[in-house]
Amino acid sequence: MRLTVDDLSCGYGEHRVVDELSLTVDSGEVMCLLGPNGVGKTTLFKTILGFLAPQGGRVLIDGRDARTLGRREQARLIAYVPQAHTPPFPFSVRDVVTMGRTARLGLFSSPGPADKALALESLERLGIDSLAERPYTEISGGERQMVLIARALTQQAQLLIMDEPTSSLDFGNQVRVLRQVRRLAGEGLCIVMTTHEPDHALWCDARVTLLEPHGPAQVGSAAEIITEAAMNRAYGVAVRIGSIAGPGGPPVEACVPLLTHSSVPDRSASNQLSARASQQRS
Amino acid sequence: MNRTAVHSHQPEASARARGAPMAPRAVLLALLIAFLVIFVASFSLGRFAISPPVVVDTFTKLITGQPLVPSPTHTVLVQVRLPRILAATLIGAALATAGTVFQGLFRNPMVSPDILGATSGAGFGAAVGLLMSLNLLDVSLLAFVMGVAAVLMSYSISVVVGHGDDTILMLVLTGMAVYNLFLALISLVKFVADPDNKLPAITFWLMGGLSTITMRSLGVLLIPLLVGWIPILLLRWKLNVLSFGEEEAQALGISTGRLRWIFIICATLLTASSVAVSGIIAWVGLVIPHVARRFVGPNFTQLIPASMLCGSAFLLLADDVARTATAQEIPLGILTSLIGGPFFILLLVHGRTVNR
């Protein structure tokens with residue numbers, strides 16, 4: 001499975017938000033979309049998912065234009081994991097996860113035993129099968145996010161598009177969700193997610209698309225793109241990026257903001273690193 | 001393999017799951033039995049009491065084609081009570097189904113079948129029909145046509161005005177406008193109607209009731225009801241997915257526009273044809289889905305049949321009260337409102353203590 005975003009421009013009506021973006025994501029990869037609020041992460045998402053028509057360029061799934069796929073066919077290839085939400089009715093977790101089968105069911109059919117077994121299997125795969133009979137509206141935000149991931153797994157799509165899967169989760173649940181993201185990519189899924197935390201991209205060993213308010217988007221590995229200079233440019237804050245050694249296993253990179261510094265770009269640091277960043281871009 | 005248990009710090013979770021309620025199928029069966037009991041009991045109730053064995057005996061003979069001795073009992077049962085009881089059964093189920101469907105479509109448990117103007121449109125049609133002194137069947141026909149027309153109006157305005165933005169919100173807003181427009185038109189008709197005979201007829205019709213039902217009007221009612229019910233019953237599982245909202249339903253593989261349109265048309269057929277025959281019977285479409293959800297949960301696969309059974313049972317009981325409580329019959333619409341409003345509040349109070 002390969003997702004190709006080819007020269008894609010998107011936006012609402014006359015307003016263009018993302019201009020001529022190109023990127024590819026392959027099976028087994030995590031692609032993180034980073035960028036400040038309002039830079040077009042959601043717009044890009046909606047265009048990839050076909051909720052918005054592109055203003056230019058194409059979205060290709062294994063070489064096929066996504067717009068030529070019907071809703072059903074698209075849903076068999078791409079699963080959307082929205083932010084944990086509260087639906088108006090207290091469906092059981094099992095029912096919510098079973099709805100992942102929608103694209104595999106005939107017009108008049110409802111899920112059979114095989115579909116329900118698959119739903120339970122997805123819950124087991126994420127280790128949350130004991131939630132099956134609980135109302136989705138009454139579990140915690142972290143649990144709801146996991147349930148939505150389970151629903152995407154039940155959809156048996158190769159590409160998972162996750163909209164800020166860690167937002168509004170506590171620290172522990174953020175880490176648990178990220179661990180699953182990494183694991184699912186390791187199992188061969190293709191994952192595209194937005195996040196507000198540069199750290200999440202570093203921890204998931206992800207590839208990164210950094211959308212900047214001024215200037216072209218940058219695509220590359222987390223280590224290449226998440227630099228002190230780039231974070232400063234994109235978010236307007238000073239950061240330091242360092243390595244923390246774990247007990248056994250490779251060191252972990254972390255991006256730490258410098259709160260005592262003013263939001264004015266830290267010249268010395270950005271000068272040092274912009275040379276490195278521009279080299280990488282070229 | 002790395003299996004993460006997000007919930008591991010919540011031991012009460014599993015205890016709750018073990019205390020799970022009855023299987024929905026068993027509940028549905030219980031509801032069916034309760035409905036049948038009320039259905040049969042309704043035949044014995046009335047100014048002229050008939051014992052249940054006589055009721056069963058009469059209908060057994062009728063169905064098996066054995067000769068019946070004409071008697072007052074027979075006349076009351078077959079000519080008077082049968083059409084009325086069948087009407088209460090059908091209309092209660094139809095309004096409850098429409099309410100359940102609209103609540104799912106609009107993702108809001110506070111929605112009733114009035115939402116797109118079907119009831120006020122039908123009310124206007126009937127008022128005009130009565131103003132023009134049409135016969136009862138034509139009044140119903142005009143009411144039905146205007147009810148459907150009002151919904152088509154809401155829908156097409158929302159498509160034209162909305163530019164595909166927030167389709168659901170736009171529908172609610174245009175529906176509200178159309179609903180109120182037809183309420184104003186009803187008032188206008190009442191204002192110009194002759195206060196001695198036409199005005200009381202219109203007012204009485206709008207209050208809702210089943211006293212004018214005949215086997216013939218039932219036959220006419222049955223066609224739009226079946227046309228509305230069959231697709232809803234066949235497609236009902238998909239309402240679950242639609243109730244997660246436009247984008248999620250699309251991402252799960254549903255062509256939301258077409259499916260929503262089918263559900264709106266079918267629910268409108270149910271509402272408009274019911275109102276056309278019975279007048280405005282309030283609260284059934286709003287309250288019954290809540291009651292049914294209490295019994296079988298929110299999954300529309302069980303919820304729609306449960307709503308139908310609860311709606312029929314409720315309207316049968318309400319109509320039994322309407323025809324037996326006082327010397328002069330109480331208009332059914334008034335009665336359902338009198339019961340429905342407080343009952344709804346009771347549900348809300350009870351829901352708070354159970355769910356939280």
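Just so you know, glycine gets a Cβ as well, placed from its N, Cα and C.
Curation plays no part in TrEMBL annotations; they are all automatic predictions.
Summarising the annotation, TrEMBL assigns transmembrane segment to B:26-50 (among others). Panel annotation: around the transmembrane segment (B:26-50), residues 56, 59, 72-73, 76-77, 80-82, 85, 88-89, 295-296, 302, 305-306, 309-310, 312-313, 316-317, 319-320, 323-324 of the same chain, lying at least six beyond its termini, place a Cβ under 8 Å from a Cβ of the stretch.
Per TrEMBL, the feature transmembrane segment maps to B:85-106 (among others). Sequence-distant contacts of the transmembrane segment (B:85-106), counting only residues of its own chain at least 6 positions beyond either end whose CB sits under 8 Å from a CB of the stretch, comprise 39, 42-43, 112-113, 115-116, 118, 168, 171-172, 210, 213, 218, 221-222, 225, 228-229, 232, 239-240, 242-243, 260, 263-264, 266-268, 270-271, 273-274, 277-278, 281, 284-286, 288-289, 292, 300, 303-304, 307-316, 318-319.
Sequence annotations record features per position, and here TrEMBL assigns transmembrane segment to B:115-134 (among others). Long-range contacts of the transmembrane segment (B:115-134) within the same chain: residues 98, 102, 106, 140, 142-151, 153-155, 171-172, 175-176, 178-183, 185-186, 189-190, 192-193, 198, 201-202, 205-206, 264, 268, 271-272, 275-276, 279-280, each at least 6 residues beyond the stretch ends and with a Cβ under 8 Å from a Cβ of the stretch.
Among the features that TrEMBL reports, transmembrane segment is placed at B:140-161 (among others). Among residues of the same chain six or more beyond the transmembrane segment (B:140-161), those with a C-beta under 8 A of the stretch's C-beta atoms are 116-126, 128-129, 134, 167, 170-171, 173-175, 177-179, 182, 217, 220, 224, 261, 264, 268-269, 271-273, 275-277.
Look at TrEMBL and you will find B:168-193 (among others) tagged as transmembrane segment.
Residues or ranges marked as transmembrane segment in TrEMBL: B:213-235 (among others).
Per TrEMBL, the feature transmembrane segment maps to B:261-288 (among others). With a cut-off of 8 Å between Cβ atoms, the residues of this chain six or more beyond the transmembrane segment (B:261-288) that come close are 87, 90-92, 94-102, 104-105, 110-114, 116, 118-119, 121-123, 125-126, 140-141, 143-144, 146-148, 151, 155, 205-210, 213, 217-218, 221, 224-225, 227-229, 231-232, 235, 239, 242, 307, 310-311, 314-315, 331-333, 336-337, 339-341, 343-344, 347.
Same-chain residues lying 6+ beyond the ends of the transmembrane segment (B:300-318) with a Cβ under 8 Å from its Cβ atoms: 24-25, 27-28, 31-32, 34-35, 38-39, 42, 85, 88-97, 99-101, 104, 232-233, 236-237, 239-240, 243, 281, 284, 287-289, 291-293, 332, 335-336, 339. The transmembrane segment annotation in TrEMBL covers B:300-318 (among others).
Marked as transmembrane segment by TrEMBL: B:330-349 (among others). Counting residues 6+ beyond its ends, the transmembrane segment (B:330-349) has Cβ neighbours under 8 Å at 204, 206-210, 278-284, 286-287, 290-291, 294, 314-315, 318-319, 321-322 in the same chain.
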